[in-house]
Amino acid sequence: MPRRTDIKKVLLIGSGPIQIGQAAEFDFSGSQACKSLREEGIEVVLVNSNPATIQTDPETADTIYIEPLRASIIAKIIEKEKPDGILSGMGGQTGLNLTAELAELGALRNVEILGTPLEAIYQGEDREKFKALMQKIGEPVPRSMILNRLDQLGEVIEKVGLPVIIRPAYTLGGAGGGIAHTVDELKRIVEIGLQRSRIHQVLIEESVMGWKELEFEVMRDAKDTCVIICSMENVDPMGVHTGESVVVAPILTLRDDEYQMMRSASIKIIRALDVQGGCNIQFAFQDGDYRVIEVNPRVSRSSALASKATGYPIARVAAKIAIGMHLDEITNAVTGCTPASFEPSIDYVVVKVPRWPFDKFTRADRTLTTAMKSTGEVMAIGRTLEEGFKKALRSIDTDINTHTNHNEIRMILTSPTDERFGCIFDAFREGFTVDEIASLTSINPFFLHKMENIVKIERTLATEPTDLRIQEAAAAGFSMKEIAELTGRPVDEVRTAAGDPVYKMVDTCAAEFPATTPYYYSTHGVTTDIIQNDKKKVLILGSGPIRIGQGIEFDYCTVHAVKALREEGVEVHIVNNNPETVSTDFDTSDQLFFEPMQLEDVVNILKTDDYFGVMVQFGGQNAVNLALPLLQEIKKLGLPTAILGSSPDAMDIAEDRDRFSELLDALKIPSPPNSSAYSEEAALAMANKIGFPVLVRPSYVLGGRAMEIVHDNFELESYMKEAMRVSKSHPVLIDSFLQEAIELDVDAVCDGDEVLIGGIMEHIEEAGVHSGDSACVIPTQSLSDSVLARVREYTKKIAMGLGVVGLVNIQLAVKDDIVYVLEANPRASRTVPFVSKATGIPLAKVAAKVMIGKKLKDLGYKERTFRHVAVKEVLLPFNKLPGVDTVLGPEMKSTGEVMGIDYDFGRAYYKACISADNELPIEGNVFISVSTEQKEEVRRIAAQLRDLGLTLFGTKGTVETLMQAGIEANLVRKVQEGSPNVIDMVRKGEIRLIINTPVDKQSRLDHYQIMRAAVDYGIPYITTLQAARAAALAIDAIKREKITLEPISHYLSEVE
């Protein structure tokens, strides 16, 4: 049937900040859904707390609220906007949970849940109901028991036995779950799982570890038409969360009759659940037998992968189904001529590999279980599985350690960690057999034989470096650089022997029909599908997998650059390998290349056409690092392509501390005393000359990797080893650390003649906390007009001095009324989306236009003033990564961000804290423990909290300090002093807020245990006095005045 005419206005709930288990895939699906609904003339109201999303752009939805994703707040938005329907399945687990909560609140009495009905959500998410439904329709599930209380553990052990898998209901990325082999492990995981579950329910399930894990992505409409979009197979067996596993599409290890059995089961399950839209179904399979593991009655991480793997726009189709359309009425937008009821067909192999944050968190537990730890993923496409594996490993952009010790290899293979996939290749190099590795890993021998083939090719290249062998290696996904190293032949000679790659098309139909929105992958030995034209073309380098320090913000900038260039009539191509993002959606660019982001891959694309230019400044640090080598290759090959925007030399000046210091001296701009060193000895000499404490950091790295504040020679010696390791060919930078300074960020655009300042952000955290981890506010709250005038002056001088064309981010610090410049980055920064949303200036779009020759004076933008206050706060991943130090410092740890907006700082900060899952209490008990040097300052904060009606608790030193000032506080034991202590109070739910600022080693040890408890039990915690001061202001504001609930357009309409 045609779309329903009674649905005129739809509310879509976004997924909030990027976090482990819920990344950019929901911006991709939500944006696609908004576009799909508006194509049908439906008004879309969107609510999301994440400013770094395309879906919160003014052109994506009709009305946009950047507000905390809380049922009570969304209920008020529903009351105000009066939508006819709500679309819950595009916001991930967050969207589903909120829809269920809104229904339970009674907020959906006059609002229809579109697509998948509420009962299907309950049956898919509530473990007990799901198990009952599967048993009713005769589908096998693992032997299991539902738990709601800890005292049921004895019964579990009796009925299910050990080991078991624990799966909490209504949680994200397996959060709170795990595998228990002992009673103690079971008790610990269940306690946290019950806490994390929205309905305090966990499923205890018999272990099917070692079985194959299979996934089917299914689509169904109201007419009961079902299509299988994609089948996927995890290389890692059951026991590793699918988000943590290497995944292959399509399924390659089942016989046809087995595949048809699983296909039929998938359709039977989606029909029983009455899902209308997309649905992901996971199975365990072994020797012709299977178990249904779980169902996601929504678009998911796997949906994004299936969508990109096949070219089938799952979210677009699901949104149209939600408003009553049938699959045979919906046109496949990729082909433009086939209906969405045609099942996709693919003639290639897709490989997904997760990206883990262990390069940042070296002390974290690296074991892979049923709870997610990865931050992002890459996707590679090849004609063979070998080619897919090799291209995926090149895409992942992380150091892969080599192992030669056989005992070490056996240990890694037996216990799954992030190192296991790479270590399998080491095992083959060391002579292990397929059977040995299969018995250690339970990985299907089919995959192991393919991996063994790759190692055999390596050996053949070394012993027989002929042109034929080189061509075979190129077809198997080996890079030219790798082949050159293995053969001992020069790279240029290898390239000539291998020949240039060709590009094949992803079109949903194995080339049966022509595609109108093509995207491509490279391979060797076949004909190319690329069709050239005479249009002016630009290639934009994407940002690759989401990782700490390089998140969705850079994809946001990439998409904005595409839109800006297309507005100017330029044909835009993107190269990226992240299946979760909007930039890799089928219709974002004119052409998309799903490729590794290495130099030779980018150069190969440039050789396919006469590109006018290539843009590197929107893809984050990794893309910027390619600027100089890319320029050299372009010159060497005589390509007609320019690096658009700021020159590679300008980028080098900004990264090279000596050159940048010379520029600041020439411009008469103050900077902290600093130097650079290539050795430990030189670093010690420089640090002693500058004076401790100093900030040590490698150059040309992202997110403050290996950055530390060091206080003496001993600490410096330790940290230099890590700094030299991550930045081998570049100097280590040493800066005097400005204690108690106020840190600032400025985002600006320069066209070579003029500078547009987008926004000046004041950090809420102290100097020394990485800018990516600090909350910040626009406009600034504590700086004088004279200081801000100097900030503007220095920004303009540096932009002009560097010769910036495009974006520039400048970090500054203010101490004793002196403005110091810390660093400049002539590229997109992670704060660009926040500044753009807070001010209404689309900085990335402006920058892209400037980079192709437009002038700021003609574009009509100027720095703006406004009545509202916007606060950016970060989301930290400590609840997903046991073992990580929770103290904030100069190395970035956050995964995502949120924005709070209101008419004063207190309410804006309160909203930001709620959005970041750090809900500040307006009543109850507060625990405070600070260092001796901070006692004076904490008195003022404690007095304010007391006056606001909160009850204070603290350790001995802090309590004595407060009592001396006449502030009543209750004494609590330190952790090492035994029970009862603050951790016991946290477990009992007696503490509502923790303020703990550790300094020495013992207080850090206490702090870690306290923060770990806070994370596990969902208690807000604060680790700096600046944030504590801001929290007190927020609690004060929220007790005096209600938060404002207005769309972002309302605030921006008042901008001057």
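Note: Cβ is positioned from N, Cα and C throughout, glycine not excepted.
Residues Arg697, Ser736, Leu738, Glu743, Gly768, Val769, His770, Ser771, Glu823 are given by Swiss-Prot as ATP 2 binders; from Gln632, Gln811, that same site also lists Gln811. It is 5 Å from the Cα atom of Gln282 (ATP 1 binding site) to that of Glu294 (Mn(2+) 1 binding site). When the binding-site residues Asn296, Arg697, Gln811 are screened for a Cα within 10 A of the Cα of Asn825 (Mn(2+) 4 binding site), the ones that qualify are Gln811. In sequence order, Pro142, Arg143, Ser144, Val160, Gly161, Val164, Ile165 make up the list of same-chain residues 6 or more apart from Glu206 (ATP 1 binding site) whose Cβ falls under 8 Å from its Cβ. Arg697 (ATP 2 binding site) falls within a strand when secondary structure is assigned with DSSP. Across all of the region 'Carboxyphosphate synthetic domain' (1-397), the predicted model scores a mean pLDDT of 91.
Put simply, Glu294 (Mn(2+) 1 binding site) is 44 Å from Gly768 (ATP 2 binding site) when counted between their Cα atoms.
Comparing C-alpha positions, Gln811 (ATP 2 binding site) sits nearest to Glu823 among the binding-site residues Arg127, Val240, Glu294, Glu823. Glu294 (Mn(2+) 1 binding site) has its Cα within 10 Å of the Cα of these binding-site residues: Arg127, taken from Arg127, Glu213, Arg697, Leu738, Glu823. Secondary structure by DSSP for the region 'Allosteric domain' (920-1056): 71 helix, 19 strand, 47 coil. One residue stands out among the binding-site residues Gln282, Asn296, Gln811, Asn825 for having the most other Cβ atoms within 10 Å of its Cβ: Asn296. Counting residue by residue with DSSP, the region 'Oligomerization domain' (398-530) contains 71 helix, 12 strand, 50 coil.
In this structure, Arg127 (ATP 1 binding site) is part of a helix by DSSP.
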